[in-house]
Amino acid sequence: MAPNPRKSHPLLKMINNSLIDLPTPPNISAWWNFGSLLALCLVTQILTGLLLAMHYTADTTLAFSSVAHTCRNVQYGWLIRNMHANGASFFFICIYMHIGRGFYYGSYLHKETWNTGVLLLLTLMATAFVGYVLPWGQMSFWGATVITNMFSAIPYIGQTIVEWAWGGFSVDNPTLTRFFALHFLLPFMIAGLTLIHLTFLHESGSNNPLGIVSNCDKIPFHPYYSLKDILGLALLLLPLTAMALFSPNLLGDPENFTPANPLVTPPHIKPEWYFLFAYAILRSIPNKLGGVLALAASVLVLLLCPFLHTSKQRTMAFRPLSQSLFWILVANLLILTWIGSQPVEHPFIIIGQLASTTYFIILLILFPITSALENKMLNF
């Protein structure tokens, strides 16, 4: 019989083993769709970003007007920009759902896959942050100033690091130039990390909603899940396109329609909605260094998940107490997101402090205790 190039060709063989003949659990739900949706988001962002970069000028005097020029004079420039800006929001919606699914179903017990995933999240956050600075509006400028200035909280070397990052004594032209370079580079780093993430995932195989080994009962990825993923892609592209066409500025900040002015501070500096939960945690601590450490901990706490797993069962599918705690955590994150968008005044300060404390207590204390309690209940 003639050899099948799909299975023998060095390149096609890799694609075949990852996307066609990949053995997949037969019972994975729609929550497992978000991996491929994230890949779609990345491709969309790189393509639209490449087209935008062709018309963008990384100079403080021209950046704002070059973005305006793209929207006004470039063929479909407005659409490309709207897809790129809102694509970032959908990217974060997908990654938060993906992390939530991993947390709920115990996927973090694949330690290498989970750790590369956390690294991907951090890289994505860095990419989104430097990208937000590029239009050089008021919120871009002041957001860059506030967030980069946090590094000055590091003892001894903090101020030096900040000035080194700025390329001067304030956020100015060198800062914008290097942020553009970083924003161009990081998505390709994300693409590389994604391949490492997938390599680790395919080493162990996918988890499933029951959390049990399904090696004896797997089905090929194509045509079953390839078709299911295409439905997911359509359901993602539909709201993204609708948003880009009908309400492109819904999630943006009106301040960013004003060109950057170092002499006028906006009344309320805040990042994009997807960083608000971390921003609320940062603001809830009155001490600068303490706030920065809490901000870092709010994301890095994910690295501890595999070590805090005390349950005999992998997923939360049959653990009602942990389920309740999980949804309380989700509600808590939504409260933090809301608090991050509010001004620093009573009652928002105390609500933010309570929500921040609750966030860490649930993750670090209540989940391990509840899991241990559920183990005890299994004996009765």
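For all residues, glycine too, the Cβ spot is worked out from N, Cα and C.
Following the DSSP three-state reduction, the secondary structure of His84 (heme b b562 binding site) is helix. In this view, His84 (heme b b562 binding site) is surrounded by 20 other Cβ atoms within 10 Å of its Cβ, with every protein chain counted. Among the features that Swiss-Prot reports, heme b b562 binding site is placed at His84, His183, with the record citing similarity to another entry.
According to Swiss-Prot, the feature heme b b566 binding site maps to His98, His197. Counting only residues at least six positions away in the same chain, the Cβ atoms of Thr113, Thr116, Gly117, Leu120 sit under 8 Å from the Cβ of His197 (heme b b566 binding site).
The annotation ubiquinone binding site is assigned in Swiss-Prot to His202. In this structure, His202 (ubiquinone binding site) is part of a helix by DSSP.
Summarising the annotation, Swiss-Prot assigns transmembrane segment to 34-54 (among others) and lists similarity to another entry as the type of evidence.
The transmembrane segment annotation in Swiss-Prot covers 78-99 (among others), and the record cites similarity to another entry as its basis. Panel annotation: around the transmembrane segment (78-99), residues 31, 34-35, 37-38, 41-42, 44-45, 48-49, 51-52, 67, 70-72, 117, 120-121, 124, 128, 131, 236, 239-241, 243-245, 248, 251-252, 272-274, 302 of the same chain, lying at least six beyond its termini, place a Cβ under 8 Å from a Cβ of the stretch.
If you look up Swiss-Prot, you'll see 114-134 (among others) marked as transmembrane segment, on the strength of similarity to another entry.
Swiss-Prot lists 179-199 (among others) with the feature transmembrane segment, giving similarity to another entry as the kind of evidence.
Here Swiss-Prot flags 227-247 (among others) as transmembrane segment, drawing on similarity to another entry. Only residues 6 or more beyond the boundaries of the transmembrane segment (227-247), in the same chain, are considered here, and those with a CB under 8 A from a CB of the stretch are 30, 33-34, 36-37, 40-41, 44, 79, 82-83, 86-87, 90, 94.
Taken from Swiss-Prot, the feature transmembrane segment applies to 289-309 (among others).
Note on the transmembrane segment (321-341): residues 100, 103-104, 270-271, 273, 275-281, 283, 311, 348, 351-352, 355-356, 358-359, 362-363, 366-367, 370-371, 373-374 of its chain, located 6 or more positions outside it, place their CB under 8 angstroms from a CB of the stretch. Sequence annotations record features per position, and here Swiss-Prot assigns transmembrane segment to 321-341 (among others).
Feature annotation from Swiss-Prot assigns transmembrane segment to 348-368 (among others).
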* Structure fact -> Of the binding-site residues listed (His98, His202), the greatest number of other CB atoms within 10 A surrounds the CB of His98
* Are there any residues in the same chain, six or more apart in sequence, whose C-beta is under 8 angstroms from the C-beta of His183 (heme b b562 binding site), and if so which? -> Gly49, Thr127, Val130, Gly131, Leu134
* Structure fact -> If one takes Cβ-Cβ under 8 Å and requires six or more residues beyond its ends, the residues near the transmembrane segment (114-134) are 56, 58, 63, 67, 88, 91-92, 95, 98-99, 102, 107-108, 140-141, 143-144, 147, 175-176, 179-180, 182-183, 186-187, 189-190, 193-194, 196-197, 200, 271-272, 274-275, 299-300, 302-303, 305-306
